[in-house]
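Enquirer: Just dropping this structure here.
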Amino acid sequence: MNNTLDDIKPAESGGLASFFKFNQHGTTARTEIIAGFTTFLTMVYIVFVNPQILGAAQMDTKVVFVTTCLIAGVGSIAMGLVANLPVALAPAMGLNAFFAFVVVGAIGVSWQVGMGAIFWGAVGLFLLTLFRIRYWMIANIPISLRIGITSGIGLFIAMMGLKNAGVIVANKDTLVAIGDLSSHGVLLGVLGFFIIAVLSSRQFHAAVLVSIVITSLCGLFFGDVHFTGIYSTPPSVMSVMGQVDLSGALSLDLAGIIFSFMLINLFDSSGTLIGVTDKAGLIDSEGKFPNMNKALYVDSLSSVAGAFIGTSSVTAYIESTSGVAVGGRTGLTAVVVGALFLLVMFFSPLAEMVPGYATAGALIFVGVLMTASLARVDWNDFTESVPTFITTVMMPFSFSITEGIALGFMSYCVMKVFTGRWRELNLCVVVVALLFALKIAFID
């Protein structure tokens, strides 16, 4: 086992040990609690970043802070209790940016309708899980397209981080240009990124949190941050729950957006669940992990609940591997993470103090992590690499994740057909490509 604690664990008995199967997994309550704290420290940055991103869509950042903590807490606890896996859930990075900057910002729909689109995408994901279509899609969509989607979202997020830090600015002649690199906001944003990069390279689990704290403290010196307290009673989420427009989102014009939310969440969450459980040594010879169906149900229903209370799509977090690395093997790890998120809900003034440039470094570094998978592409096989490239670059260049996915699937079919390798196409890829082609021809 990959465990930094004692290799030989004492047998434990009792209700907790029996429920989470400590002896079967060779772990203890102490190990699981430490793992929970470790995972929490690596992903708590989401409570600072998500409100700022959704705030760009004119949502109440105080309420978004609460809903982020609430869904991360409840979703993680549900994953621990129902599926007994050391996997934490929270609003997905990438999909939150897609919602705020593209669906609301560029396309111009209201955040209420946009949140409705997230809801229906999550319902679609649940139905795919219920009828076992989700497994079929995961198995049949080529790895090159999956890598392209992940990497494209990574570049999109990085671009938003560079923009928030002021590193890049709009330019009427060259589209984008370098910002004022002498500005303290730009310098602190860049500093935050390198703090994360250096600490992460040294295997420091709370690198993102440390970066946000340091750059925010620097903001106090420049007068960008004002201390308003530490503790406060969480505001009611009813102001958001009552405004999510479910009927308004059921528009043919938003069909591609709903499909994109569903498809991205499908790959993101499924891939993370497999990655974390593999790291924990829970994957069997058939590539399955314990309570797989239960985990997928919890994952998809968490997204439904998240949209209903007013936050972006929920997914399993790859940061869960940090808890696995210190011995987390059961659902108690996820329960501890969830409990800590619920506790953080009462410290919203701290989140309000964080300036935009303090979270910019985190966005840029997420882009680094998400584009790392490009190394797995066979760049010598142009029928695979060209669709990957098109998917990746068209997301930031078209400022649309949906269009990037659409062009990726269609280019994959074009390359396979016109190089005589059409037999490598499968029904799933062809159907998705045709649906996107029809959308472009008759809806856009």
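Yeah, the Cβs are placed from backbone N, Cα and C, and that goes for glycine too.
So TrEMBL says this about it:
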{"type": "TRANSMEM", "residues": "33-51", "note": "transmembrane segment"}
{"type": "TRANSMEM", "residues": "63-86", "note": "transmembrane segment"}
{"type": "TRANSMEM", "residues": "98-131", "note": "transmembrane segment"}
{"type": "TRANSMEM", "residues": "143-161", "note": "transmembrane segment"}
{"type": "TRANSMEM", "residues": "181-199", "note": "transmembrane segment"}
{"type": "TRANSMEM", "residues": "206-227", "note": "transmembrane segment"}
{"type": "TRANSMEM", "residues": "247-267", "note": "transmembrane segment"}
{"type": "TRANSMEM", "residues": "296-318", "note": "transmembrane segment"}
{"type": "TRANSMEM", "residues": "330-350", "note": "transmembrane segment"}
{"type": "TRANSMEM", "residues": "357-377", "note": "transmembrane segment"}
{"type": "TRANSMEM", "residues": "389-413", "note": "transmembrane segment"}
{"type": "TRANSMEM", "residues": "425-443", "note": "transmembrane segment"}
Enquirer: For the transmembrane segment (63-86), I need the partner stretch with the highest count of C-beta pairs below 8 angstroms, choosing only from 33-51, 143-161, 206-227, 296-318, 425-443.
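Expert: By Cβ pairs under 8 Å, 296-318 leads among 33-51, 143-161, 206-227, 296-318, 425-443.
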Enquirer: Mark yes when the transmembrane segment (247-267) and the transmembrane segment (206-227) have three or more Cβ pairs under 8 Å (sequence separation 6 or more) and no when they do not.
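Expert: Not in contact, no.
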Enquirer: If we skip the immediate neighbours and take only residues 6+ beyond the ends of the transmembrane segment (357-377), which ones have a Cβ under 8 Å from one of its Cβ atoms?
Expert: 45, 48-49, 52, 93-94, 97, 143-144, 147, 150-151, 153-162, 164-167, 185-186, 188-197, 200, 208, 211-212, 215-216, 219, 318, 384-385, 388, 392
Enquirer: Does the transmembrane segment (33-51) come close to the transmembrane segment (425-443), meaning at least 3 CB pairs under 8 Å for residues 6 or more apart?
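Expert: They are not in contact.
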Enquirer: Residue list, the transmembrane segment (33-51) vs rest of chain: Cβ under 8 Å, 6 or more residues beyond ends.
Expert: 5, 61-62, 64-65, 68-69, 72, 86, 88, 90-91, 93, 96, 205-209, 212, 311-312, 317, 319-320, 322-328, 332-337, 339-341, 344, 351, 354, 358-359, 362-363
Enquirer: Can you name the far-off residues of the same chain, 6+ from the ends of the transmembrane segment (247-267), with a Cβ under 8 Å from a Cβ of it?
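Expert: Beyond its ends, the transmembrane segment (247-267) has Cβ neighbours at 92, 94-95, 98, 103, 107, 109-110, 112-122, 124-125, 128, 134, 137-138, 141, 146, 149-150, 153, 303, 313, 315, 401-402, 405-406, 432, 435-436, 439, 443.
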